[in-house]
Amino acid sequence: MMNSTQLSYFTLAAYFDTGLFKYLFFIIAMFLYAMILCTNVLLIVIICMNRSLHEPMYLFLCSLFVNELYGSTGLFPFLLLQILSDIHTVSVPFCFLQIYCVHSYGGVEYLNLAIMSYDRYLAICYPLQYNTRMTSHKIAILIAVIWLYPLLACVIMISLSSPLQLCGNIIYKVYCDNYSIVKLACSDTSVINIYGLFATFGTIICPLILIIFTYMKILKVCFSGSKQTRQKAVSTCTPHLASLLNFSFGASFEILQSRFNMNSVPNMLRIFLSLYWLTCQPLFNPVMYGLNMSNIRNICKSLLFSEMYIPSG
(Lines of atoms letter the chains of each structure in order from A and count residues from 1; the text may use other names and numbers.)
(Lines give C-alpha, C1' and ligand atoms only; values in the text may rest on other atoms or scores of the structure.)
Protein backbone atom coordinates (compact mmCIF):
# COMPACT_ATOMS: atom_id res chain seq x y z
CA MET A 1 0.00 0.00 0.00
CA MET A 2 1.37 3.43 -0.95
CA ASN A 3 0.06 6.83 -1.97
CA SER A 4 0.72 8.49 -5.29
CA THR A 5 3.59 10.56 -3.87
CA GLN A 6 5.49 7.33 -3.13
CA LEU A 7 4.95 5.94 -6.66
CA SER A 8 7.31 7.08 -9.41
CA TYR A 9 5.25 5.95 -12.41
CA PHE A 10 2.10 4.30 -13.71
CA THR A 11 2.09 1.58 -16.37
CA LEU A 12 -0.38 1.94 -19.25
CA ALA A 13 -1.36 -1.66 -19.98
CA ALA A 14 -3.71 -1.05 -22.93
CA TYR A 15 -0.77 -0.67 -25.31
CA PHE A 16 0.40 -3.79 -27.13
CA ASP A 17 3.17 -4.66 -29.57
CA THR A 18 2.17 -3.58 -33.09
CA GLY A 19 5.56 -4.16 -34.70
CA LEU A 20 6.26 -1.91 -37.67
CA PHE A 21 2.61 -0.79 -37.70
CA LYS A 22 3.49 1.61 -34.87
CA TYR A 23 5.03 3.93 -37.48
CA LEU A 24 1.79 3.92 -39.45
CA PHE A 25 -0.20 4.68 -36.29
CA PHE A 26 2.27 7.47 -35.47
CA ILE A 27 1.83 9.06 -38.92
CA ILE A 28 -1.98 8.85 -38.67
CA ALA A 29 -1.97 10.41 -35.18
CA MET A 30 0.50 13.11 -36.26
CA PHE A 31 -1.60 13.97 -39.33
CA LEU A 32 -4.77 14.11 -37.20
CA TYR A 33 -3.12 16.40 -34.64
CA ALA A 34 -1.77 18.68 -37.39
CA MET A 35 -5.24 18.92 -38.94
CA ILE A 36 -6.77 19.75 -35.55
CA LEU A 37 -4.21 22.50 -34.94
CA CYS A 38 -4.56 24.02 -38.43
CA THR A 39 -8.36 24.00 -38.65
CA ASN A 40 -9.01 25.29 -35.14
CA VAL A 41 -6.32 28.00 -35.28
CA LEU A 42 -7.62 29.10 -38.70
CA LEU A 43 -11.19 29.54 -37.43
CA ILE A 44 -10.05 31.28 -34.23
CA VAL A 45 -8.05 33.77 -36.30
CA ILE A 46 -10.96 34.30 -38.73
CA ILE A 47 -13.39 35.02 -35.88
CA CYS A 48 -10.95 37.32 -34.04
CA MET A 49 -9.86 39.27 -37.13
CA ASN A 50 -13.30 39.86 -38.68
CA ARG A 51 -15.46 42.39 -36.82
CA SER A 52 -18.56 41.08 -38.61
CA LEU A 53 -18.13 37.84 -36.64
CA HIS A 54 -17.91 39.53 -33.24
CA GLU A 55 -21.37 38.24 -32.33
CA PRO A 56 -22.38 35.99 -29.41
CA MET A 57 -22.68 32.81 -31.47
CA TYR A 58 -19.20 33.19 -32.99
CA LEU A 59 -17.59 34.19 -29.68
CA PHE A 60 -18.94 31.00 -28.09
CA LEU A 61 -17.64 29.11 -31.14
CA CYS A 62 -14.23 30.70 -30.62
CA SER A 63 -14.27 29.47 -27.02
CA LEU A 64 -15.15 25.99 -28.30
CA PHE A 65 -12.26 25.98 -30.79
CA VAL A 66 -9.80 27.10 -28.09
CA ASN A 67 -10.98 24.17 -25.98
CA GLU A 68 -10.37 21.77 -28.88
CA LEU A 69 -6.75 22.95 -29.00
CA TYR A 70 -6.48 22.59 -25.23
CA GLY A 71 -7.93 19.07 -25.09
CA SER A 72 -6.05 17.68 -28.08
CA THR A 73 -2.75 19.10 -26.77
CA GLY A 74 -3.42 17.35 -23.46
CA LEU A 75 -3.49 14.03 -25.33
CA PHE A 76 -1.64 13.97 -28.67
CA PRO A 77 2.00 14.81 -27.75
CA PHE A 78 1.83 12.16 -25.03
CA LEU A 79 0.09 9.66 -27.34
CA LEU A 80 2.68 10.15 -30.09
CA LEU A 81 5.52 9.43 -27.66
CA GLN A 82 3.77 6.34 -26.32
CA ILE A 83 3.12 4.94 -29.82
CA LEU A 84 6.85 4.95 -30.60
CA SER A 85 7.97 3.82 -27.15
CA ASP A 86 8.61 0.21 -26.20
CA ILE A 87 7.97 0.88 -22.49
CA HIS A 88 4.57 2.39 -21.78
CA THR A 89 4.99 4.16 -18.47
CA VAL A 90 4.12 7.68 -17.34
CA SER A 91 5.40 9.62 -14.34
CA VAL A 92 2.90 10.27 -11.56
CA PRO A 93 2.96 14.10 -11.84
CA PHE A 94 2.48 13.98 -15.62
CA CYS A 95 -0.32 11.44 -15.22
CA PHE A 96 -2.22 13.78 -12.91
CA LEU A 97 -1.53 16.69 -15.27
CA GLN A 98 -3.06 14.72 -18.11
CA ILE A 99 -6.03 13.76 -15.93
CA TYR A 100 -6.57 17.46 -15.23
CA CYS A 101 -6.37 18.42 -18.93
CA VAL A 102 -8.61 15.60 -20.18
CA HIS A 103 -11.33 15.99 -17.54
CA SER A 104 -11.40 19.80 -17.68
CA TYR A 105 -11.56 19.60 -21.50
CA GLY A 106 -14.67 17.40 -21.25
CA GLY A 107 -16.31 19.73 -18.72
CA VAL A 108 -15.60 22.88 -20.76
CA GLU A 109 -16.78 21.18 -23.98
CA TYR A 110 -20.15 20.10 -22.62
CA LEU A 111 -20.80 23.36 -20.77
CA ASN A 112 -19.84 25.34 -23.89
CA LEU A 113 -22.29 23.33 -26.01
CA ALA A 114 -25.02 23.89 -23.38
CA ILE A 115 -24.45 27.68 -23.40
CA MET A 116 -24.51 27.64 -27.21
CA SER A 117 -27.93 25.94 -27.09
CA TYR A 118 -29.12 28.72 -24.74
CA ASP A 119 -27.78 31.32 -27.20
CA ARG A 120 -29.70 29.66 -30.10
CA TYR A 121 -32.82 29.56 -27.92
CA LEU A 122 -32.67 33.33 -27.36
CA ALA A 123 -31.88 34.04 -31.04
CA ILE A 124 -34.77 31.92 -32.36
CA CYS A 125 -37.43 32.35 -29.66
CA TYR A 126 -36.73 36.03 -28.81
CA PRO A 127 -35.17 37.57 -31.94
CA LEU A 128 -36.29 41.14 -31.17
CA GLN A 129 -34.96 41.01 -27.60
CA TYR A 130 -31.81 39.04 -28.43
CA ASN A 131 -29.35 41.96 -28.38
CA THR A 132 -30.68 43.28 -25.06
CA ARG A 133 -30.65 39.81 -23.45
CA MET A 134 -27.26 38.70 -24.82
CA THR A 135 -25.08 41.71 -24.01
CA SER A 136 -21.28 41.77 -24.20
CA HIS A 137 -21.15 41.75 -20.38
CA LYS A 138 -23.33 38.65 -20.25
CA ILE A 139 -21.22 36.94 -22.93
CA ALA A 140 -18.06 37.58 -20.88
CA ILE A 141 -19.70 36.14 -17.75
CA LEU A 142 -20.94 33.04 -19.59
CA ILE A 143 -17.54 32.33 -21.17
CA ALA A 144 -15.89 32.80 -17.75
CA VAL A 145 -18.33 30.27 -16.22
CA ILE A 146 -17.74 27.84 -19.12
CA TRP A 147 -14.02 27.76 -18.30
CA LEU A 148 -13.69 28.50 -14.58
CA TYR A 149 -16.21 25.98 -13.24
CA PRO A 150 -14.66 22.85 -14.88
CA LEU A 151 -11.10 24.05 -14.18
CA LEU A 152 -11.84 24.59 -10.48
CA ALA A 153 -13.86 21.36 -10.24
CA CYS A 154 -10.88 19.41 -11.60
CA VAL A 155 -8.50 21.06 -9.11
CA ILE A 156 -10.68 19.72 -6.28
CA MET A 157 -10.89 16.29 -7.96
CA ILE A 158 -7.08 16.03 -8.26
CA SER A 159 -6.60 17.20 -4.66
CA LEU A 160 -8.88 14.35 -3.52
CA SER A 161 -7.34 11.69 -5.79
CA SER A 162 -3.63 12.33 -5.26
CA PRO A 163 -3.49 11.44 -1.51
CA LEU A 164 -5.26 8.07 -1.99
CA GLN A 165 -3.48 4.93 -0.80
CA LEU A 166 -2.89 2.80 -3.89
CA CYS A 167 -2.41 -0.98 -4.19
CA GLY A 168 -0.99 -0.96 -7.71
CA ASN A 169 0.25 1.20 -10.56
CA ILE A 170 -1.25 -0.46 -13.66
CA ILE A 171 -3.82 1.54 -15.66
CA TYR A 172 -5.62 -0.44 -18.37
CA LYS A 173 -5.88 2.47 -20.80
CA VAL A 174 -3.74 4.36 -23.32
CA TYR A 175 -3.89 7.59 -21.29
CA CYS A 176 -4.46 8.56 -17.66
CA ASP A 177 -7.92 9.15 -16.24
CA ASN A 178 -9.12 9.77 -12.72
CA TYR A 179 -11.43 6.78 -12.33
CA SER A 180 -8.56 4.41 -13.17
CA ILE A 181 -6.56 5.91 -10.27
CA VAL A 182 -9.53 5.61 -7.91
CA LYS A 183 -9.94 1.92 -8.85
CA LEU A 184 -6.35 1.31 -7.70
CA ALA A 185 -7.11 2.70 -4.24
CA CYS A 186 -6.95 0.53 -1.13
CA SER A 187 -8.05 3.36 1.17
CA ASP A 188 -11.56 4.74 1.65
CA THR A 189 -12.83 6.49 -1.50
CA SER A 190 -16.23 7.60 -0.16
CA VAL A 191 -15.27 11.31 -0.13
CA ILE A 192 -14.16 11.39 -3.76
CA ASN A 193 -17.16 9.25 -4.79
CA ILE A 194 -19.55 11.73 -3.15
CA TYR A 195 -17.72 14.62 -4.76
CA GLY A 196 -17.94 12.78 -8.08
CA LEU A 197 -21.75 12.74 -7.79
CA PHE A 198 -21.85 16.50 -7.18
CA ALA A 199 -19.38 17.16 -10.00
CA THR A 200 -21.41 14.96 -12.37
CA PHE A 201 -24.55 16.89 -11.49
CA GLY A 202 -22.83 20.22 -12.17
CA THR A 203 -20.98 19.27 -15.36
CA ILE A 204 -23.43 16.82 -16.99
CA ILE A 205 -26.94 16.89 -15.49
CA CYS A 206 -27.39 20.68 -15.28
CA PRO A 207 -26.12 21.36 -18.84
CA LEU A 208 -28.25 18.45 -20.12
CA ILE A 209 -31.37 19.94 -18.52
CA LEU A 210 -30.56 23.30 -20.14
CA ILE A 211 -30.02 21.66 -23.56
CA ILE A 212 -33.29 19.69 -23.39
CA PHE A 213 -35.25 22.78 -22.24
CA THR A 214 -33.85 25.04 -24.97
CA TYR A 215 -34.42 22.57 -27.78
CA MET A 216 -37.97 21.86 -26.63
CA LYS A 217 -38.65 25.61 -26.86
CA ILE A 218 -36.90 25.85 -30.24
CA LEU A 219 -38.97 22.95 -31.64
CA LYS A 220 -42.16 24.55 -30.34
CA VAL A 221 -41.34 27.83 -32.13
CA CYS A 222 -40.35 25.96 -35.32
CA PHE A 223 -43.66 24.11 -35.51
CA SER A 224 -45.70 27.24 -34.87
CA GLY A 225 -43.47 29.80 -36.60
CA SER A 226 -42.84 30.91 -40.16
CA LYS A 227 -40.79 29.15 -42.83
CA GLN A 228 -38.01 31.73 -42.33
CA THR A 229 -37.87 30.88 -38.62
CA ARG A 230 -37.60 27.17 -39.39
CA GLN A 231 -34.81 27.79 -41.93
CA LYS A 232 -32.88 29.89 -39.40
CA ALA A 233 -33.28 27.18 -36.75
CA VAL A 234 -32.13 24.42 -39.10
CA SER A 235 -29.10 26.36 -40.40
CA THR A 236 -27.78 27.30 -36.94
CA CYS A 237 -28.90 24.31 -34.87
CA THR A 238 -27.84 21.49 -37.22
CA PRO A 239 -24.06 21.84 -36.65
CA HIS A 240 -24.65 22.34 -32.92
CA LEU A 241 -26.80 19.21 -32.62
CA ALA A 242 -24.31 17.19 -34.69
CA SER A 243 -21.45 18.35 -32.45
CA LEU A 244 -23.45 17.61 -29.30
CA LEU A 245 -24.42 14.09 -30.42
CA ASN A 246 -20.88 13.32 -31.60
CA PHE A 247 -19.34 14.39 -28.29
CA SER A 248 -22.05 12.66 -26.23
CA PHE A 249 -21.48 9.37 -28.07
CA GLY A 250 -17.72 9.41 -27.49
CA ALA A 251 -17.92 10.56 -23.88
CA SER A 252 -20.69 8.08 -23.03
CA PHE A 253 -18.67 5.13 -24.28
CA GLU A 254 -15.64 6.32 -22.31
CA ILE A 255 -17.71 6.55 -19.11
CA LEU A 256 -19.27 3.11 -19.70
CA GLN A 257 -15.90 1.53 -20.50
CA SER A 258 -14.39 2.91 -17.30
CA ARG A 259 -17.13 1.52 -15.09
CA PHE A 260 -18.11 -1.79 -16.71
CA ASN A 261 -16.28 -4.86 -17.94
CA MET A 262 -15.77 -4.43 -21.70
CA ASN A 263 -13.55 -7.47 -22.30
CA SER A 264 -16.03 -8.78 -24.87
CA VAL A 265 -15.22 -5.77 -27.10
CA PRO A 266 -12.07 -6.23 -29.27
CA ASN A 267 -9.03 -4.44 -27.84
CA MET A 268 -8.44 -2.24 -30.91
CA LEU A 269 -12.08 -1.15 -30.93
CA ARG A 270 -11.92 -0.33 -27.21
CA ILE A 271 -8.84 1.82 -27.75
CA PHE A 272 -10.39 3.60 -30.74
CA LEU A 273 -13.66 4.35 -28.92
CA SER A 274 -11.87 5.47 -25.75
CA LEU A 275 -9.88 7.96 -27.86
CA TYR A 276 -12.82 9.02 -30.05
CA TRP A 277 -14.08 11.91 -27.90
CA LEU A 278 -10.54 13.34 -27.59
CA THR A 279 -9.43 12.86 -31.19
CA CYS A 280 -12.47 13.15 -33.47
CA GLN A 281 -14.41 15.90 -31.68
CA PRO A 282 -11.58 18.50 -31.99
CA LEU A 283 -11.53 17.95 -35.78
CA PHE A 284 -15.27 17.39 -36.20
CA ASN A 285 -16.24 20.80 -34.76
CA PRO A 286 -14.17 23.12 -36.99
CA VAL A 287 -15.04 21.10 -40.10
CA MET A 288 -18.76 20.99 -39.24
CA TYR A 289 -19.04 24.70 -38.38
CA GLY A 290 -16.68 25.76 -41.16
CA LEU A 291 -18.82 24.01 -43.78
CA ASN A 292 -22.26 24.84 -42.37
CA MET A 293 -21.95 28.43 -41.12
CA SER A 294 -22.25 30.56 -44.26
CA ASN A 295 -20.39 33.59 -42.84
CA ILE A 296 -17.35 31.50 -41.86
CA ARG A 297 -17.51 29.50 -45.10
CA ASN A 298 -17.59 32.65 -47.25
CA ILE A 299 -14.61 34.19 -45.45
CA CYS A 300 -12.65 30.92 -45.83
CA LYS A 301 -13.46 30.90 -49.56
CA SER A 302 -12.40 34.52 -49.98
CA LEU A 303 -9.10 33.83 -48.19
CA LEU A 304 -8.46 30.74 -50.31
CA PHE A 305 -9.21 32.46 -53.63
CA SER A 306 -7.25 35.58 -52.68
CA GLU A 307 -4.18 33.38 -52.05
CA MET A 308 -4.70 31.58 -55.34
CA TYR A 309 -5.16 34.79 -57.37
CA ILE A 310 -1.97 36.04 -58.97
CA PRO A 311 -2.09 39.54 -60.61
CA SER A 312 -1.27 39.49 -64.31
CA GLY A 313 0.49 42.80 -64.45
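For all residues, glycine too, the Cβ spot is worked out from N, Cα and C.
According to TrEMBL, the feature domain 'G-protein coupled receptors family 1 profile' maps to 39-289. Averaged across the domain 'G-protein coupled receptors family 1 profile' (39-289), pLDDT for the predicted model comes to 89.
Same-chain neighbours of the transmembrane segment (20-46): 53, 61-62, 65-66, 68-69, 72, 76, 79-80, 83-84, 279, 282-283, 285-287, 289-290, 296, 299-300, 303, counting only residues six or more beyond its ends whose CB sits under 8 Å from a CB of the stretch. For 20-46 (among others), the entry in TrEMBL reads transmembrane segment.
Remote same-chain residues near the transmembrane segment (58-84) are listed as 12, 15, 22-23, 25-26, 29-30, 32-33, 36-37, 40-41, 43-44, 47-48, 90, 94, 98, 101-102, 104-106, 108-109, 112-113, 115-116, 119, 139, 142-143, 146-147, 174-175, 275, 278-279, 281-283, 285-286, 289, 293, 295-296 (criterion: CB distance under 8 Å, separation of at least six residues from the stretch ends). Among the features that TrEMBL reports, transmembrane segment is placed at 58-84 (among others).
Per TrEMBL, transmembrane segment is recorded for 96-118 (among others).
Among the features that TrEMBL reports, transmembrane segment is placed at 139-160 (among others). For the transmembrane segment (139-160), the residues of the chain that approach it from at least six positions outside its boundaries are 56, 59-60, 63, 96, 99-100, 103-104, 106-108, 111-112, 115, 178, 191-192, 195-196, 199, 202-203, judged by C-beta separation under 8 angstroms.
Within the same chain, residues 106-107, 110-111, 113-114, 117-118, 120-121, 149-150, 153, 156-157, 160, 237, 241, 244 sit at least 6 positions outside the transmembrane segment (194-216) and bring their C-beta atoms closer than 8 Å to a C-beta of that stretch. Residues or ranges marked as transmembrane segment by TrEMBL: 194-216 (among others).
TrEMBL lists 237-256 (among others) with the feature transmembrane segment.
Among residues of the same chain six or more beyond the transmembrane segment (268-291), those with a C-beta under 8 A of the stretch's C-beta atoms are 14, 29, 32, 35-36, 39-40, 42-43, 61, 64-65, 68-69, 71-72, 74-76, 79, 102, 105-106, 109, 173-175, 239, 242-243, 246-247, 249-251, 253-254, 257, 262, 297, 300. Residues or ranges marked as transmembrane segment in TrEMBL: 268-291 (among others).
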